[in-house]
């Protein structure tokens, strides 16, 4: 399997990348596009590209329809329930499930496999720590594995969720110990992991203290009562009032 070509990303790669107006990485000839509500939109997610790589051949022929029919005969259990829980159609869920089972015959993705996936798409840096945090965000029940249900529910939020849903998902990602608060230590760990993942191929090259500065700007904006932690209420209110943050939400999809 060949890693997908690198796309333009924010230099810190985060949902809140515009807090300090961090410049974007530049690569000539490649433009970011807003995901469309189609199968191609699903494939913009690097994890989905990996999962669907064996089920989305270039061009079309009679074998495509045969594959779709075989998918219908082997629907995942609870397909109707998943359709109700997500914003994917039955056909999209079937396609996602087929790819998931092709790459993960056990029906599970463990953390080591998830890290290997992410390493392919960020070869210029070290994605290990960020992949660990992201894995925990997808692993909704905390059992150490991502089930198909975990995957599609999270993906539905990230690609087709409301602003409120996406922000709540991001808060859960940043709240590393899941106690309902984001501390400076947690945010610094997230920022360092994102900067490590992006590597040295950012423009301009980032200073060593850039992650800490980003965290300080984050707390100046989010921590209304200055108690040293950010609650979900503070996070949602501050984000939805900030035009830069709202316009940068698409950048989060590029990292995922």
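Each residue, glycine too, has its Cβ placed from N, Cα and C.
Per Swiss-Prot, the Ca(2+) 2 site holds 223, 225, 227; the candidate it also names there, chosen from 233, 234, is 234. According to Swiss-Prot, the listed position annotated as SUMO1 cross-link out of 26, 221 is 26. According to Swiss-Prot, of the residues 31, 90, 90 is the one noted as SUMO1 cross-link. Per Swiss-Prot, the annotated phosphoserine among residues 25, 63 corresponds to 63. Segment annotation: Swiss-Prot labels region 'Disordered' over residues 1-20 (candidates 1-20, 41-60).
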